[in-house]
Each structure stands twice: as C-alpha cells, then as structure tokens.
C-alpha cells in the first residue's frame, strides 16, 4: 500500500533568490492574481495575510489526515513495544523452542504413542466407506432413506470417536487434540457435502427421465418463454446427471478431502501449473509465523493469564478489567497472525500444491460494518458450506430466514464448543454462549447502528474483547480444576 | 471525516427465496455470464468455486484495507486505556483541580504579588515607546541608523527584564513564568516586524521621490517591457508609501499586538462579523482541553518522570528505554492536545474576537514527509516571521541559503532554550541541542530518505522520542538540583 501524496503542498513563501529580476517576476504574477488584499504591498515583500480558515475547521474542507494513520501505527508499535520490553525485564525470555522440538522426539517410535496421528490415519476407513456406500446408492440397490440414516449415523460416530479417545487418554498438551479434532470436524463436514451433492445428482438423473416426455408434451401445447427457462434448468440438470457416476472414484474423493474447501463439486477449477516462488513464500511464512505465534503465546499470553487468576477469583473489577485489556492486545495480535497464517499462507500452500484455483478463503472482513458481514467474510469455506448445505436447503423447505440463521449459528456454536471443551476436558459453554451472543450483536449492527464506521468499530471490539474474555473464563476454570483455588482465603463458587 | 464505503460488497450467495421463479432468473443470469466453470451445475445450486486469488495476494489487486485503520485506532485506545487504568490502580487519583484554583486565590489582592502579570502590564511602556519612536522616524528627525540601534537595544532590554525578575524572585510554579516569558518573546518579535515594515514604508517613500524623474526619463528613451515591470514595482511602492504615516496610531499598533500573527501589515484582512457559535465552541474547547492537559500531566507524566530518576542516574539502559517509551506516549498525546488547544482553539478564538480573517495558524504538518516541511507547517506565525524578517532579508543581502537556514534554526533554538532554562533556573542547553539537531535530521529526510511514508514516520518519531528525551534530561537535572542525587550508592556526574 503506497502512501499517496495527495497533499496540498504550498510553495514556501521564501523567494529563493533576492535579485531584482526574480522579485519583478513575482510582482508580475501578483499583478495578474485577483487578491483583493494585495493592494497594500511593500516593495520588498509579498502580502503575508489572506482570509482563510484553519484546516481543522470543517469549513476549510480539508480531508487529508493521512499522516495521522502513520502516527497511530507508530504509537501502537511503540506503546506495545514498551509493554513487551517491560515483560522481558520482568520475566526474562520464556520461549523454549528446543522444548517444542522435544515433544516430537521424546515418544517411542510407535504410531500408537501418537494417538492423534493414529486417529487421523484411521479416518481413511470412513472415507472408503462413504465412497462404497455412494457406489451402492448410485446403482439403486439402496434408496435415499438409507442414505439419510447412513450419513446421520456416520457423522455422529465420526464425531464421537475422537471424544471417546481424548477423554479416556491422558496427555499433557491439549493442542494436539485440538488439531486432530479439527481434522475430524472438517472431514465430517466434507462427508455431508459429498453425500448431499451426490444426492442432488441422483435426483437430477431421476427427474430427467421423468421430465423428458413432459417437456416434449408441453412444447407441443405452448411457446411460453417460461418453458424455455424450464428447458435451461433441465439442461443444467442434464449436465450434472451426465457427469454423475464417473465422479465416484478414489482419486476424486481424496482430492476433495485434501482440497481447501468444504463444498463438494464434481470438478473444481484448476490452475495450469504449480508456481515455485509462490510455494516457497507461503512455506516460509507458514514456518516463521507459526514459530512467532508459539513464542508470543509462551512469552506474553501465558504469564498474563496466570497473573489474572487471583484478581479473577477475588472479583476485583478494576483489576479484572486491567487484566482483560492486558490480554486483549497480544491475543488479538495472535488472532490476526493466526488468521494470516492459516487462511492465507497454509490454505494457499495446500491449494497451490493441489493446483486448486479458487483461492477465496476470506473476503474483506476487516472492512465489515455489520457482524453478519463479518461472519460471511472471514471464513469463506465454512460460510459457503453453511449457505449451501444448511441455509439454502432450509429456505427451500419453507423455513423462515430467522430460523435458518439461528440454525447456522447454533451449528457453529456447537463446533466451537466441541473443539474447546473436549481437549480441555471441561464443559463450560463459554464458547457456545460467545457464538450465540453474535445473534443479538448482529441485530444491533445491522438494524440499530446500520453499518458505517461505528459498525466496523463494534465488529472489531467484539473480536478484541470477546476472545480474551472467553480465554480468561476457560483459563480460570482450567486452573482451578487442575491446581485448586488460587487464594485460600477467598473461595469462589464455580458454576 | 466520514468513513467511505468503497468496499467490494459481494452479494451474499444465498438466494433469499427458494422458489423456482427466483432460481430460474438466477440461471438465466448464469446463462449470460461467461464463467467457464459453470458447465457442471447442480439443479439446486449455483457453481460454488471459481478461479480467483486471495485478497492478500498482490495479484488480487485489492487495496482497500481501511478497516485496519479503525482497528489500529481502537487498539491504541485500548492499550493506552489499560496503561491509564494501571496507573489509577497504582497511584489513585492524583488530579487536584481545587489546588489549581487556589494558586489564583491564595495571593493578596495586590498586583505586585503577581509579578508575572505585573510584568506583562508593564510591557505597555515598550509598546508606547515604539509608537513614539516610529512617529519621530516618520518625520525624519532621526535617521535609520538610530532606528537600528534603538530596536536592537529595545529587544535586548525587553528580553532581559523577565530574566532578571525571574531569577531574582522565588516561586514554586515555573509555569506562570513560562507564560509571561512567552508573551515577552511574542512582543519582541512583533516589535521587530513593526519596525521592519515601517522602515520599508519610509524606504518606499524615499525611492518614489528619487525614481519619479528617472521613470519619466526612461520612458522617453525606450519602450522596453522591463521598464513596464519597473513601473509596476513602483506602483506597489507607491501604494505602500501612500498608506504610510496614517498607520502610526494607537489603535493600529494595539490591534497588531493582540492579533494572532507576528508579521505586521498596514491593513489585515478582516471578517464581516463575529460568529457566536464559533466563539462558544472554541471557548468550550479551550477550557475543557486545558483542564485535560493539566490532569494528564499530573496523573500520568509526573509519576512517570519521578519513577525514571533512579534508572536514569544508574544508567540501566533497558530500564531507561522502557521509561522513555512509557513517557513518550502521554507526552505525545499532551503535545497533540496542546497543539490543538493553542493553535486551533485559542488562536481562532482570539482571531474571531478581533475579526482577524487569516486563520492559517498551521498547515498539514501531520503529512510532513521531511523535517523541513514540518518546521514550515506546524507553526505558521513563527514560520512567516522567520521567512519575512530573517531568511528573505539575508537572501537579499547575498548570504547563502544554508547560512540563512542555519540562522533561522539558531534563533529558534535560542528562544526554545530561553523559555525553558530561565523558568527552571538551570542552563543545560538540551532544548538548544534538540533544535540544532533538526538540521542534520532535515538533511536525512530531505536528501537521503527523500520524503514518502518513511520520511513521515521519521518526522513523527523525532517528535515522539525527542521531546520526552529532553523532558527526562531536564527532569533528571532539576530533580538532582532540588532534591539531591536519588541513589546514594551511585553518584553520577552532571554536566
């Protein structure tokens, strides 16, 4: 983003040369100008004062305050740089990259000592099973009723396996479980999309045989343009039906399982080649930013959360607020880094490797003026899935907009809670409430504030404050669950 | 500044109504579009994936990151709000507005118990003296040599009086002395401008009588256009000379002394009427912001400076840097508030009362890409004075640009030091070095960095870091001068 110099650069009023010639020409210019106040002009100087407004007065019409943007960025860097320096003076360096490495190395070289990786490998069974069932359904040996029951059971079982394994095992670092469960959630959503689209294709094939005679009958009776549209509709159905069973192959389903999307299509747009430069850049970003995130968490977030436990259980409100704000800045920075690392670096890396051409993994969520635009733009794979496989089917089945909206947020809230509560082995519903709280907040920004800059600020504020609030809640409860009440003098009731 | 919504708002892809009619029309649209990947289209859904780049990829051509500006402002408010909250938790409320009031009230109701106010009132003697001398000079009873000696002596005496009074008196609050000395400096500069312009007018009158015959002689000889320019030049001189001695009146000189400018002109541009709304707004701003500045200094700056004394005398570098950055943020905020309060609220208030129409008290210094543009734009009254009465006369007398530039900065550095050292009764030259340091810095931004965003950041950085550095220097020395060395174990040598 290049800083444009759209400034009103006035010519400095010193005449660079005091010789008579230059003064003459400046007088000649003044003679042409229509300044009224130039009547009284000294022989050595141009007129100094002219009637004009100050730039901060709205009447001046001045709008270029671009330099203040640089200032705010600079103050942000300096003020948080100071807090970071204070942190290092207080705690020293807490980052331990060698220890991170050792978590990979210290295990035995048996796959079962890495239960999370084993679980991910096991999920191939479900993938193959889905492909097999789709083959059976295609041949018409079993009906759509069976398909509905099969997919429901499959998804429930698929989401239950990691819960059972996680809750029965004991391991120190819940991060690996979060990663594994994330993969399982993604797979579950992909299964739903895969089954849904194949169902549409079968439906299209069936309708075509039904309608083929109907269309010829109608064409005989009328020449209504509506019939022409129906024909176009059937044509599209026809294309789908024609492509149909050929998509049911190992390579097709595995490409979909690996692709950075949750919406199944028979054929994805592809790029012509893998760009090596692009690949290298994204890989370097991925590695560097992952390390940076881990370092920031260890150095900045962990001590802050730990120091928040006492004020939080003693319910000192001003201290709690101070802790919340202290956590909010690094947390938000980490969230932004995470967003870039995952949605830009990682998904683009995967897409480049698979020559997957649709790179719209996010839209301009940073400009969101309403909460609903934020949820429509920050995570496009999930947004597309929700629209295509939850919202639109509900609309087609005559549910109200409001109820479809509610169901989408409910499903999202469920998965948020699922990914947090199970690895922490602690069911508190803070994430769930956080997600469900988006619905009234969305009403405020959409209907009351009606977007604009205020809307944008509310969106950012909900992100900056909402997340650390949830982290403090979970951190506090987790701490008490694992280490007991921090202050013996002050017993707090944990709900 | 209204937030423009130049965003690419995509239509959300959910079709609001699942009925066949709406789907038909959407298919009709798709039929017209040239999307290649739309060949395989399900009967229930539009195509989901199209080949496109991520917005953070430069190839996407996306440039609207406006929302991040709101974010940076928000993070700035939150992170410094937290520091402010920490400060209140640590020190409680330190602001004492009642005590500020008492400084006005506690004195006897004799004018001599307010020596600063008495001094300002006394300066009327100099004003009347200047007018009297100008009257004498106008009549030709005394020559320009006398004028040169008179003004030199006057300015030296005028600037010496407050120094003598300040150094011989003892009072607790050096702020009042700073205010009084500021008024004296402004008066001194106004005297110079007044004398200079009146000298030009006498010079013009003299030249006209000399040239009148010359011009007619020349006109007889040639019709060179250069002669025409000379005539124009003389016309302007003539105007000045014609207006001349009528300006030498009490009302004229007192209007100039009160007007928010340092450059004398015979006739200033005036507004037609005093706008009451404007007046009220500026008055409210002036009162509110002055209180805010005083409160911020007492609550935030004073404890920070006090806490910096020990690390500063022990020369712990990382702690010193932390203290410097801790001071930099509130100091810069206060500087910005002071700038707005003085240059916008106060000077506009005075100008409105005097119906003074030229409100250009500052230009867009916030967009400065070079140090020299910053000094040309942040304080227009002083900039105009320096150009008109120091730089341009030196250029006319064949000094080099560099030496004129140097003299301007030297004079400025002198007055900066004058306004700080005398009230603190401590001569350390930190301000002087700060101002003179602008010359090499100006070379860097003008010639090496050559403006742009980097130049703007350097300008801001020099302001943000330079000022608190000087404050810490003075604060440290003042503390030691008044309270002795803070740490008995570690004696530091004060230069």
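The backbone N, Cα and C atoms fix where each Cβ goes, glycine too.
Automatic prediction, not curation, is the source of TrEMBL annotations.
The compositional bias 'Basic residues' annotation in TrEMBL covers A:1-10.
Here TrEMBL flags A:13-26 as compositional bias 'Low complexity'.
If you look up TrEMBL, you'll see A:68-89 (among others) marked as transmembrane segment.
The transmembrane segment annotation in TrEMBL covers A:109-133 (among others). Taking Cβ pairs closer than 8 Å, the transmembrane segment (A:109-133) reaches residues 147, 150, 154, 158, 161-162, 165, 169, 171, 176-177, 179-180, 183-184, 187, 191, 194-195, 248, 250, 253-254, 257 in its own chain, all 6 or more past its ends.
If you look up TrEMBL, you'll see A:145-169 (among others) marked as transmembrane segment. If you look at the transmembrane segment (A:145-169), the same-chain residues 6 or more away from its ends with a CB under 8 A from one of its CBs are 115, 119, 122-123, 126, 129-130, 133, 137, 177, 180-181, 184-185, 187-188, 191-192, 195, 199, 418, 422-423, 425.
Under the heading transmembrane segment, TrEMBL lists A:175-197 (among others).
Within its own chain, the transmembrane segment (A:283-302) is flanked in space by residues 84, 87-88, 91, 93-97, 100, 327, 330-331, 333-334, 337-338, 340-341, 344-346, 349, 471, which lie at least six positions past its ends and keep a Cβ under 8 Å from the stretch. Taken from TrEMBL, the feature transmembrane segment covers A:283-302 (among others).
The annotation transmembrane segment is assigned in TrEMBL to A:333-354 (among others). For the transmembrane segment (A:333-354), same-chain residues at least 6 beyond its ends with a Cβ under 8 Å from one of its own Cβ atoms are 80, 255, 258-260, 271, 274-275, 278-279, 282-283, 285-286, 289-290, 292-293, 296-297, 301, 361-362, 378-379, 381, 463, 467.
For A:398-415 (among others), the entry in TrEMBL reads transmembrane segment. Long-range contacts of the transmembrane segment (A:398-415) within the same chain: residues 185, 382, 386, 390-391, 431-432, 434-436, 438-439, each at least 6 residues beyond the stretch ends and with a Cβ under 8 Å from a Cβ of the stretch.
Residue A:416 (active site) counts 17 other C-beta atoms within 10 Å of its own C-beta, drawing on all protein chains shown. If you look up TrEMBL, you'll see A:416 marked as active site.
As annotated by TrEMBL, transmembrane segment applies to A:427-445 (among others).
What TrEMBL lists as transmembrane segment is A:457-476 (among others). If one looks beyond the transmembrane segment (A:457-476) by at least 6 residues along the same chain, the residues whose Cβ comes under 8 Å of a Cβ in the stretch are 301, 305, 308-309, 312-313, 323-324, 327-328, 331-332, 335, 368-371, 374, 420, 424, 426, 428, 430-431, 434, 437-438, 441, 444-445, 449.
Secondary structure at residue A:416 (active site), taken from DSSP and collapsed to helix, strand or coil, is helix.
Counting same-chain residues at least six beyond the ends of the transmembrane segment (A:427-445), those with a Cβ under 8 angstroms from any Cβ of the stretch are 369-372, 375, 405-406, 409-410, 412-414, 416-417, 419-421, 451, 455, 458-459, 462, 466, 469-470, 473-474, 477.
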